[in-house]
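Quick notes on the structure that follows.
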């Protein structure tokens, strides 16, 4: 019995060893493979490079060889400096690519980077390399650079002999470092670092030649390191931003007036149309208020949670507002068939759409676009440098506008069939005046958002904010005033209700005046 127990323990120990140890080895290998030996900027793609064969003991032809080392630029790269990458860094963003080999060559030999090849300089205006005119005589040469050695002396060395030379810009947008509107005279050290008074330059740089006037007012070309423009968008609170926020607040005030009037109007308060308009104004009030808050608030002063959740709620209410307009268009079309939807039917239709829109905004707030979070990264709204707003906001709005347009065309076709429709029944189910006022209001809303889309496309194409942003502000204000004009000023039921209130006030004043005064 004891022997059986011992043998069972031995078998159990072997089973654990054979099962656990491979798992530990796999975990260690995966942990080692997940770590890269150096920064991406210090690597080069060595896919296709010749492997360096290392033979076993004896160095005979029959010994087993290992292809762990590679040869690049006549240098032997050890295996610990080689790794498999499935991404590249482009403009500070990690972009997924096919798996390839990269080696940390800058750890073996100092690297130097030039923005352009020989005979070219980097133009900050065109953001590209431009050729040097043939009449320039004192243009600097890339083959020789002045460096400071470790002993403190300064000398000129052969660039290709001392450094690994790379050509190209690490980012799309580069800039010079100036002090008092003059170039800073950076010092290139023997180990490849660039410094000025104990200030080290970033590794994400490239050298380019720039002219500077000397004491004799002659132009001398000198090497200047260009740094990447920070990808983080600066917070600007200027005239454009204040104008946009004020126009949003104006529209919010107009929507509050419309909501207040429709709450008081007894003829429309509990109808499908009245409940839909009140829900629409609430969505616009909340959505535009959140947009104004995001416009006037510095993202640095907001928490990460608020920076991701506030824009998702703004997205939710803006998308819901347009689908409420689709419900109203659908209701108008059904009224031509004598189908009258109640306010209870509006809530039955509305709640599933709210759930879908909430799930959509929740998905957007946790989604990535170009390997960046849509909300909560550098800006608390959509990044204007990519097309994420088109995918997540404008496409759902355009779909709802298409639905509304289809029902509008079908309603017009029904209206054109005048002899076949019972006019009294039509007038009892839906007012022609209400129909016209709603589509005027829809026209103002659609025009506003089409201008917003055009403004975004122009700004994204130009890569900067243009004066069309002021046109957007104007149309945002037109959205508020136009809605007030169409939904209140041109709606006959609302006007009759307001006249009734005015007549009651006048009659009360007349009755108060005609009342005889009592004697004391």
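Here, residue 1 is simply the first one shown, and the rest follow in order.
Heads up, the Cβ atoms here are built off N, Cα and C, so glycines get one too.
Quick look at what TrEMBL lists:
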- 38-228: domain 'Methuselah N-terminal' (DOMAIN)
- 1-27: signal peptide (SIGNAL)
- 242-265: transmembrane segment (TRANSMEM)
- 272-294: transmembrane segment (TRANSMEM)
- 314-334: transmembrane segment (TRANSMEM)
- 346-369: transmembrane segment (TRANSMEM)
- 389-410: transmembrane segment (TRANSMEM)
- 441-461: transmembrane segment (TRANSMEM)
- 467-488: transmembrane segment (TRANSMEM)
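Residues 272-273, 276-277, 279-280, 283-284, 286-287, 290-291, 294, 341, 346, 349-350, 353-354, 357-358, 360-361, 364, 381, 392-393, 396-397, 400-401, 403-404, 407-408, 410-411, 414, 430, 435, 438, 442, 445 of the same chain lie 6 or more positions beyond the ends of the transmembrane segment (314-334) yet place their CB under 8 Å from a CB of it. Ranked by number of Cβ pairs under 8 Å to the transmembrane segment (346-369), the listed stretches 272-294, 441-461, 467-488 are led by 272-294.
When each of the listed stretches 242-265, 272-294, 441-461, 467-488 is scored by C-beta pairs under 8 angstroms to the transmembrane segment (389-410), 441-461 comes out highest.
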